[in-house]
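Structure first, commentary second.
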Amino acid sequence: VEWTDAERSAIIGLWGKLNPDELGPQALARCLIVYPWTQRYFATFGNLSSPAAIMGNPKVAAHGRTVMGGLERAIKNMDNIKATYAPLSVMHSEKLHVDPDNFRLLADCITVCAAMKFGPSGFNADVQEAWQKFLSVVVSALCRQYH
């Protein structure tokens, strides 16, 4: 993947403004609420019976923070995301058997939460385009083991 200077700047700039400890839990909770079939991968997380239960679930919040830690690794390795994510791809494919379409759903929820947080002034069309390109590269890297 080729990144322009403007794309790198937009991605790194947005990341610098995000609070991963806030956005990660929000995005994962949103994914579990909007796409309830994704809950099947989180059977050990306890009560996921309602939106309020999901939003207040500490295991959901912790895994949301873990997801954001993974995105931070991708940002620090933007020129080598596939290699950076190779172990995660193997784990999600071979051990956890996660449907790879769910990565795109979660990426979309991350984008929605970021857009809601920053609005059109902080999440304009150029930032959104770069951010979604970045997340699509991350999703592709996570799906690599599935091909």
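The backbone N, Cα and C atoms fix where each Cβ goes, glycine too.
What Swiss-Prot records for 2-147 is domain 'Globin'. Mean model confidence for the domain 'Globin' (2-147) is a pLDDT of 92.
Per Swiss-Prot, the feature heme b binding site maps to HIS63, HIS92. Counted within 10 Å of its Cβ, the other Cβ atoms near HIS63 (heme b binding site) come to 19, all protein chains included.
Secondary structure of the domain 'Globin' (2-147), assigned with DSSP and counted as helix (H, G, I), strand (E, B) and coil, comes to 121 helix, 0 strand, 25 coil.
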